[in-house]
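I have placed the structure first, in the form of structure tokens, so that the comments after it can refer back to it.
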Amino acid sequence: MAFLWLLSCWALLGTTFGCGVPAIHPVLSGLSRIVNGEDAVPGSWPWQVSLQDKTGFHFCGGSLISEDWVVTAAHCGVRTSDVVVAGEFDQGSDEENIQVLKIAKVFKNPKFSILTVNNDITLLKLATPARFSQTVSAVCLPSADDDFPAGTLCATTGWGKTKYNANKTPDKLQQAALPLLSNAECKKSWGRRITDVMICAGASGVSSCMGDSGGPLVCQKDGAWTLVGIVSWGSRTCSTTTPAVYARVAKLIPWVQKILAAN
């Protein structure tokens with residue numbers, strides 16, 4: 001059964017820091033919850049943010065694409081009363097140099113449909129810019145014609161559940177390496193629900209899960225990590241043999257560019 005991977009309470013870039021090149025290098029196992037993932041190296045995914053409500057509850061992930069903008073999933077339902085937390089690794093620690101950033105404006109893709117989960121992207125304009133540092137910087141955006149072929153090994157990160165029936169999410173940021181799938185291959189699991197604005201990955205022993213929604217699926221291009229997908233939906237039990245489905249960022253770039261240019 002298809003399932004959106006947000007957590008509900010009830011269950012253009014910096015000159016000093018180029019995009020997609022972390023100051024602290026990530027270390028990924030070839031097969032690294034996320035289901036069957038592993039703790040990330042602290043600070044090694046500097047664009048990863050946590051979206052939290054006013055009680056401090058983490059409900060979705062997101063990615064910094066500049067000092068002023070975060071990209072996440074439309075189905076996360078972010079509001080301006082929520083906050084973006086940047087520079088975080090361990091959500092159980094009070095020792096980290098985090099940035100808690102207010103949201104000025106929420107731009108949900110007007111073509112988003114909760115029924116089909118097509119166009120699952122929202123842009124967040126920050127009220128005050130993030131301060132880029134060793135542990136806070138932007139991911140690169142793909143161009144509209146970028147092609148990331150099936151079989152490409154990519155990475156996804158998040159504080160989502162490490163088992164679908166876990167009572168709580170992990171404190172430490174999780175990561176997993178996983179291959180991209182062709183949409184034809186993905187349709188073997190999900191049928192006509194898979195559209196050209198989606199990209200699939202996984203079915204390789206790892207999976208995104210509840211609480212990872214909105215976070216990044218990144219692949220390396222010319223030595224820089226590029227945002228290929230946004231965690232969107234998948235198996236209700238976060239099955240590691242079923243592909244996870246992500247919003248296909250390259251297809252959504254024209255809309256992103258339009259919003260950034262107008263704001």
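Backbone N, Cα and C define each Cβ position, glycine as well.
When you check Swiss-Prot, the disulphide partner of Cys200 from the set Cys186, Cys219 turns out to be Cys186. A disulfide bond in Swiss-Prot ties Cys219 to one cysteine from Cys140, Cys154, Cys238, and that cysteine is Cys154. Per Swiss-Prot, the disulphide partner of Cys19 among Cys60, Cys76, Cys140 is Cys140. Between the listed disulfide-bonded residues, namely Cys60, Cys76, Cys140, Cys154, Cys186, the fewest other CB atoms within 10 angstroms of a CB are found at Cys140. Set side by side, the disulfide-bonded residues Cys219, Cys238 differ in how many other CB atoms lie within 10 angstroms of their CB, and the most is found at Cys238.
The two recorded residues, Ser213 (active site, charge relay system) and Cys186 (disulfide bond), have Cα atoms 19 Å apart. Nearest in space to Cys140 (disulfide bond), taking C-alpha to C-alpha distance over the recorded positions His75, Cys76, Cys219, is Cys219. Here the CA atom of Cys209 (disulfide bond) lies 26 Å from the CA atom of Cys19 (disulfide bond).
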